[in-house]
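Undergrad: Attaching a single structure in structure tokens format; questions to follow.
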Amino acid sequence: MDVEPTNTSPPVAPENDELPPDTEPVFLEVGDGEEVVVDDSAPIEDEEEEAVVEDVASMEDNTIDEEEDGEKIVPQVEILCHRGPVYALSLTQKLPNQFIIASGGGDDAAFATTLNLSASPLKPTSQVLGTNSESVANASFSKDRSLLATGDYAGTISLWNCPVPAQPSDPTLPPPPGGEELKLDRTLPPGPTDCEWLVWHPLGNVFAVGSTDGTIWMYLAKTGAVMQVFAGHDGDDGSGGGGVTCGAFSLCGKHLLSGGGDGTFRIWNPKNGTARAVIKTNSPVNTIHQKAEGDIVAVGGANGEINVVHLPTKKIVGAPMEHSSSESEVASVECLKFHGAYLASGAVDGNVKIFEVGVGGSNASGLLRSTAKHLRGGVTCLEWKRGGGLGDRNLFTGCADGMIRMWDARPSEAVVLRCFKGHGDMVLCMDLSDDGRVMVSGSDDHKILVWAL
């Protein structure tokens, strides 16, 4: 299998010279939405310790014992490095069968766990990454896999250089020792009040951090310098309202996108730090995700509504999609992911809804195509299966009942294909390898589980 080579060139800031010098934000209301025809033809471009591994064949099953449709899957390996809930996971592949799992948890700790799937027996090693004074809620690899960024709720942000492992002469053997530890590159000076989310730029080693104080900080990883501070969202007043709840760079790299507890979705100019548009929704914004083609962004809210925004025109497309089944049963949207034209949304009511988001006409905002019903708890995270074509609509969902399920999302009532049993408490995060062969999950039970797909 071909492996993407590590980019050894110096990290650079994204090129934004062609961006217009926006100065005044454009305010839009949800009712201002209109149909927009989108051209989908062109896509946009410390001390190392041995992790505890239990024999999964004899591992005690402490998950909920209830009959469930679908093939039952047990984890390939269990990693017990954290002593608290696992809040963040990021998986990167360094060799065909060698992976690094970055994790952050409620035990105020971050780890990098190296796992070689060619080894027998499987013996992952976990490295403690520095010290933190608050929960580490963010751990994310850069797009070129050369750096790892971690951030905690005290606002401490650290950058780590990732190793380039030597290729063994015999692929059935583990990599030779040495050069496998991550090295601290730098810990950044104090900046945001806390680190609620952290995202990397798609084209260069630049990253952004969102905070409950209502600001977003953008850094150049090469020097740790602050490139911009974006201010506009309301800060958290202590009652849960305000703060920058979610963010992302657009896939083309020309916009920074953010959602806030103040109910606004904002499109920022990374070059000069100004807001290109401020779109007001009817509730706090929980999550956003961009479609791979067409400059379309889905914005999920605490009131169960999903708005679709067209970036070039800064317009809301059509009417909001409704995740809630009725006004009396509001289901906060917690996670969103596009897969081609299909958008999956997961909510606290335990339902996942799959909408087909069109490119014009009556289905511009989205038509409901399928529903996946979880009967024992809310949906906390979801990922589409990777490594297949757009016609392969298999969806993984993590749930409050400790289960991960893989669904066939093509029928109007999605069908459970597999049930991944191993966690004893709420699943909080998951990530998949780029080739779709490996999945990792983290939970309130302090465990990281590795699954063979």
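Residue positions begin at 1 at the first shown residue.
A Cβ is built for glycine as well, from the same backbone N, Cα and C atoms used for every other residue.
Relevant sequence annotations retrieved from TrEMBL are reproduced here:
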{"type": "COMPBIAS", "residues": "1-10", "note": "compositional bias 'Polar residues'"}
{"type": "DOMAIN", "residues": "294-385", "note": "domain 'Anaphase-promoting complex subunit 4-like WD40'"}
{"type": "REGION", "residues": "1-26", "note": "region 'Disordered'"}
{"type": "REPEAT", "residues": "129-161", "note": "repeat 'WD'"}
{"type": "REPEAT", "residues": "244-278", "note": "repeat 'WD'"}
{"type": "REPEAT", "residues": "395-417", "note": "repeat 'WD'"}
{"type": "REPEAT", "residues": "420-453", "note": "repeat 'WD'"}
Undergrad: Using Cβ atoms and a strict cutoff of less than 8 Å, what residues sit near the repeat 'WD' (420-453) while being 6 or more residues removed from its termini?
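TA: Same-chain residues near the repeat 'WD' (420-453) but 6 or more away: 1, 4, 56, 59, 61-63, 72-91, 93, 99, 101, 103, 105, 107, 113, 115, 117, 124, 377, 380-381, 383, 385-388, 396, 398-406.
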Undergrad: Under the DSSP assignment, what numbers of helix, strand and coil residues are found in the repeat 'WD' (244-278)?
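TA: Helix (H, G, I), strand (E, B), coil: 0 helix, 20 strand, 15 coil.
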Undergrad: Helix, strand, coil: count each for the residues of the repeat 'WD' (395-417), based on DSSP.
TA: 0 helix, 14 strand, 9 coil
Undergrad: In the repeat 'WD' (129-161), how many residues does DSSP assign to helix, to strand and to coil?
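TA: Residue counts for the repeat 'WD' (129-161) by secondary structure: 0 helix, 17 strand, 16 coil.
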Undergrad: Please average pLDDT over the domain 'Anaphase-promoting complex subunit 4-like WD40' (294-385) for the predicted structure.
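TA: It averages 87.
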Undergrad: Could you give me three numbers for the domain 'Anaphase-promoting complex subunit 4-like WD40' (294-385), the DSSP helix, strand and coil residue counts?
TA: 3 helix, 50 strand, 39 coil
